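For reference, Swiss-Prot has these:
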- G107, L127, G128, D129, F130, I131, L132: S-adenosyl-L-methionine binding site (BINDING)
Amino acid sequence: MKINILTLFPRYFEVFCRESIIGKAIKQKKITINVVNFRDFSKNKHKKVDDYVYGGGPGLLLQIQPVVDALEKVGGLKIALSPQGQKFDQSVARKLAKEDEITILCGHYEGFDQRIIDNFIDFELSLGDFILTGGEIAAMAIIDAIIRLKPDIINPESLKNETFNDFLLDFPQYSRPANFRGLEVPKVLISGNHREIGEWRQEQRELITKKKRPDLWEKFLKIKNKK
């Protein structure tokens, strides 16, 4: 899979592309990440890529020319990060993980010239209902969520029980020591009875989801009732 990242701040991604799962996937040539600087496509001698908004108002806007020129040099599904976009979730991550190539545009300032969105983008994505200075942090989160779903990146058994796979949150997990300052690990987990451990974990997933995320609980019940 190839992921193109269009940004004003390519250095944001230097450590991101070297460390953890992303770095490992790149070294193993499972994925390619191509970071593109909008400024490289500016026709301004000072590499300026922003300007004032027509009609007045505070802030600056990314200009259409350098953004479109950058877009035309890359392929795949074109995705702009925007507060107006579809909310990113695990189901979107799964769909994007099936693509051979995607391009992510990181906004900045007051966003993009609307003509970019209307004519050169396939769709918009939002990480949630909050404001970030730019799209770089959101891009990293989205890329991480996508890459870990690709084959041979993470143990498939580890993915099966992860939160959101079946609309249930994960079960509580514990490690050594079994007793820390009187705080004990549930006895069932050290019983060696794998059937009881499995039942306990499923029960905990349902209890936690029902309590903490009633919206996910409703989705889980709908799927469960259809079976």
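Residue positions begin at 1 at the first shown residue.
Note: Cβ is positioned from N, Cα and C throughout, glycine not excepted.
As the structure is a computational prediction, the values presented were derived from the model and not from experiment.
When the binding-site residues F130, I131, L132 are scored by other C-beta atoms within 10 Å, L132 scores highest. Annotation for L127 (S-adenosyl-L-methionine binding site): spatial neighbours L81, K87, F88, A138, A141, I142, criterion Cβ-Cβ under 8 Å with sequence separation of six or more. Its Cβ taken as reference, G107 (S-adenosyl-L-methionine binding site) is surrounded by 26 other Cβ atoms within 10 Å in the chains shown. Under a cutoff of 8 A between CB atoms, and with a sequence separation of 6+ in the same chain, the neighbours of G128 (S-adenosyl-L-methionine binding site) are K87, F88. Listed in chain order, the residues near the S-adenosyl-L-methionine site other than G107, L127, G128, D129, F130, I131, L132 are P83, S126, A138, each with its Cβ within 8 Å of the site Cβ centroid.
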